[in-house]
Amino acid sequence: MRLNNLGIVHTKIDRPDPADVDHLAKFGVATIHEAMGRVGLMRPYIRPVWKGAKLCGPAVTVLLQPGDNWMFHVAAEQVQEGDVIVAGCTTESEDGFFGDLLATSLMSRGCKGLVIDGGVRDVEDLEAMGFPVFSRAINAKGTVKATLGSVNIPVVAANALVNPGDVVVADVDGVVVVPRELVGAVADAAQKREDNEAAKRDQFRDGVLGLDIYKMREPLAAAGLEYVED
Ligand SMILES: O=C([O-])CC(=O)C(=O)O
Ligand SMILES: [Mg+2]
């Protein structure tokens, strides 16, 4: 009888339609999060390790054990072109699980980046390679290869549940997780939101006030806001 979910690799995962992933990739994390109804974000302590890093792709998930990066090598074999890796850990850990060697291996498999609720190192090289990484820490502390975790099971990373095949989008504003079956609908909703924002941006540029665009004068007065001249 299996007592835990460690030591498992799911080799078949469902991925969303690549056209929907491409559409979603056009939008920023803030827009996607709003379009979903203000949900789906990882905790904001996950930050890009180099300026300008961005990623969007279906997740191959990894559950790590603290101080151990064995499962990244197992995960590399499961990566398909366009995937990203999302790594959680069985407990909080800021060890440097990942660096340029693993990035080189993942890139050769078509991987588009990493989100990890842990630490990474070799950041100068990751930037030079153009491999986008989002992590909770930059840490030179090395790890071993000795303890089983799992690949392609549901993982929690920075308070977000990520199922294999969910699409993860990350940019300087944060990391958002879009459930696989919602990717097309969320991309459409994000497009609508962006069109709407474009119209508002034009008005703001022309000097129109939010007070008038959003018709806020009446509700502000009803709430008791007073303008005092003296
Ligand atoms: O080798 C490791 O264990 C992690 C690392 O620094 C790399 O991937 O370059
Ligand atoms: Mg290294």
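Note that Cβ sites are derived from N, Cα and C of the backbone, with glycine treated the same way.
For GLY99, ASP100, LEU101, LEU102, ARG121, the entry in TrEMBL reads substrate binding site. Cβ neighbours within 10 Å of LEU102 (substrate binding site), excluding its own Cβ and spanning all shown chains: 22.
What TrEMBL lists as Mg(2+) binding site is ASP122. The number of other CB atoms found within 10 A of the CB of ASP122 (Mg(2+) binding site), across every protein chain shown, is 21.
In sequence order, ASP122, ASP125, LEU126, MET129 constitute the residues six or more apart from ASP100 (substrate binding site) in its chain with CB-CB distances below 8 Å. Apart from GLY99, ASP100, LEU101, LEU102, ARG121, the substrate site neighbourhood in this chain, defined by C-beta within 8 angstroms of the site C-beta centre, holds PHE98, ALA103, THR104, VAL120, ASP122, ASP125, LEU126.
Taking the binding-site residues GLY99, LEU101 in turn and counting surrounding C-beta atoms within 10 angstroms, the largest count is reached at GLY99. Note: ARG121 (substrate binding site) has non-local neighbours GLY96, PHE98, GLY99, ILE138, ASN139, ALA140, LYS141, i.e. same-chain residues 6+ apart with C-beta under 8 A of its own C-beta.
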